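So the structure is just underneath, and the comments pick up after that.
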Amino acid sequence: MKAIKFAMAGALLAVSVLASAEEAVLKVSAIPDEAPTELQRKFAPLGAYLEKELGMKVQFVPVTDYAAVVTALTSDKIDMAWLGGFTFVQASQRGKVVPLVQREEDSKFTSKYIANAEAGINSLKDLKGKSFAFGSASSTSGHLMPRYFLQKQGIKPETFFKNVAYSGAHDATVAWVASGKVEGGVLNASVWDKLVEAGKVDPAKVKLIGTTPAYYDYNWTVRGNLDAKLQQKITKAFLKLDPKNPEQQAILELQRASKFIPTKAANYKGIESAAKEAGLLK
Amino acid sequence: MLSHPRDPALLPRLLWGALLLALLVPTLPLTGFNPLQLFDAATLKTLAGFVAGFLPPASNAVFLGEVMRAGVTTLAAATAGLALAMLVGLPLAFATSRALDRHALTAAAPSRLAEAGKSLLRGVMVLLRGVPEIVWALLFVRAVGLGSLPAVLALGLAYGGMLGKVYAEILESQPRALARALSAAGAGRTQVLGYGLLPQALPELVSYSVYRWECAIRASAVMGFVGAGGIGQLLDTSIKMMNGGEVSTLLLVFLLIVVGTEGVSRLSRRLLESRQGGAVLAGAAVLAALASVAWLLPAWREAGFDGASLLHFGREFLPPDASPTLLADIGRGALETLAMAFLGTVLAFAGAALLALPASGRFGQSVKTLARLLLNLLRGIPDLLWASLAVLAVGLGPAAGVLALALHTSGVLGRLFAETLENAPPAPEQALRVLGAGRLTAFCYGLLPEVWAQWLAYALYRGENNIRAAAVLGIVGAGGLGQQLYLALSLFQLPTAASLILAMLLLSWLLEQLSRLLRQQLEAAAGHAA
């Protein structure tokens, strides 16, 4: 028994020593609100830009679980993450984190309600007794805020809908509604616009039935004990992104941002109280 | 004048049937399972669209490369996980096996302290294996991050507890004359094990470990559904994105891995028959474990692992939430879980009986081959995987769980039923046929009574398994306690998660007691009849 304990302790030690012996790398991740391949595609040029600006290696760590990104950031396994409003609130409850920047669009973010076109649904009210999909349970725009606004309208999802499901990601919600697996759903407005522009939504299958009021969403957050100078450099690099520079415009477009603006924790107080009211935060 | 009743046991049979129906009826609203929904036009269309997308299977080079790497990761995580489980299980078995106790072997008095220690260790083993491996994986994913490390740790703990118990029981089932003599001559635990029990028990120990390795591979493949890497993670993404081509490629690769593992395990059982073969097998196993760790190590280094945050995470679960609303929720979840398992098993019993007839060769060789193939397919795909596919057919919620359990269990029971049919003495049925009974009558009164008790025993055993399975199917959206647990963990409501895990443990323990009682009753009834 003892020998095994020692062996396990030894192995753990070896792993942690190996891990710490690496060169300076900025480890970046993002909540998996879209398919993993899409996340990588979106990050590649931004990562290259940051490498150049910061003069250090930038590595994207793909993660397929919202909560795991929160845990990774608050236990210092990654340095920076793209978080939603709700995951940011969760992270700040669980450790010291600093929000640096957000897209201009994130200060007035919305969610879109959609329905299967063949189900004869024209408004939220028509979804009574139908099946409905949120995105991930940890998503701000795919779950928390729509739930909060639904409740404000007197709709309690668990009793109003026949069935409440969690698709896991915004693009998955569209796929579910299009296939008829669920009759209605809600997702991030930015992803919806992107899918529509790219022609990935078949209007014969999916239609828009509503939009939520605006709220604060996504930001880029670093762990609290990250070198302060590096934090400043990162912020500067994001704020410097210029839509008139074609190369940087490409980065902004992939991030679905017109430009990046500074942000602060206080911006997300509204999300925190909405989460408490919706019963998602205790 | 009354004629002789055609079936003297008709009344009790009808009563049992009515009781079963009375139990089944409430499970329908509880699980929302509606067989008609399967044939609903909209459902059929969704399903047909998805299945049509299966062809052609995705075969672009980038995806195939990813699948290959994921497949190797799944195998490596299972192998490393089993190696860890053996490191956990062997010392536990050594410490707790009653076959090594001096007081059991000689007239010596037991030491109170040592016995208390052993009870404690047995309690630890119950806890380790009582929490399903997928739940361990989910917990580790949240605690140490994503990737294969959580899968290895989950298998190490859950299977460690299982191996510890079974290894100890295997030692206990060996003839003890030699062990007794050694103990009487003053030999200690190690010597009694090394010279008195191990030589005879070794083949059985190895063979059980190989069987567990097979199970570990299936388990490792589905752990990706909670973010623990490997082929399951790709499957989860592809199913969520409703990419049929990718799903069919992944299913094919998964089935290939399962078939391959069965081949390897058959080969290793044959190797076990000779001394040199045993040495080759041992060498291969050690090499496989080392190679697996080597394959997984780069990703582990990346993920890092620190015990402090693990401990911190563990502490957040305490104290478990015991608020009345949560307890009511748990009660509802548990009821849903039980209903899912019960209905799923009953449907599987019917399906298995229907498939077992052709699979036992009653309708010719080609039909038999076909039926066996179908049974293998049903059985080869784990229930969690069936559940995530069933969600497409009947929507989210417990109905998908019922369908998943019914499909997987039909495969398992069907094969066992077919075997009992093949092994049953044919004379009674033939005699009835000769006397002029129809085929159905001859089967019902000639063959069925021969196999019925065996079938019930198998179904009972699987039913017990299914309750454990039903408790976790919710992780992929199929209702019950699992769905509540997944949500609680996503929202960092850890005390709630703790209560849910305790509820799962309690359910599993209650079940073990109940099934032991039922089995005793059945055995007593069988003994009485004989």
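Heads up, the Cβ atoms here are built off N, Cα and C, so glycines get one too.
Here is what TrEMBL records for this protein:
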type     : residues  : note
DOMAIN   : B:71-265  : domain 'ABC transmembrane type-1'
DOMAIN   : B:334-515 : domain 'ABC transmembrane type-1'
TRANSMEM : B:45-63   : transmembrane segment
TRANSMEM : B:75-95   : transmembrane segment
TRANSMEM : B:134-159 : transmembrane segment
TRANSMEM : B:215-235 : transmembrane segment
TRANSMEM : B:247-265 : transmembrane segment
TRANSMEM : B:277-297 : transmembrane segment
TRANSMEM : B:338-363 : transmembrane segment
TRANSMEM : B:384-407 : transmembrane segment
TRANSMEM : B:492-511 : transmembrane segment
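Simply put, out of B:247-265, B:338-363, B:384-407, B:247-265 has the most Cβ pairs sitting under 8 Å from the transmembrane segment (B:45-63). Contact between the transmembrane segment (B:247-265) and the transmembrane segment (B:215-235) is supported: at least 3 Cβ pairs lie under 8 Å, counting only residues 6 or more apart in sequence. The stretches the transmembrane segment (B:384-407) and the transmembrane segment (B:215-235) meet in space: the count of Cβ pairs below 8 angstroms, excluding pairs fewer than 6 apart in sequence, reaches at least three. Contact between the transmembrane segment (B:215-235) and the transmembrane segment (B:492-511) does not hold: fewer than three of their C-beta pairs are under 8 Å, each pair 6 or more apart in sequence.
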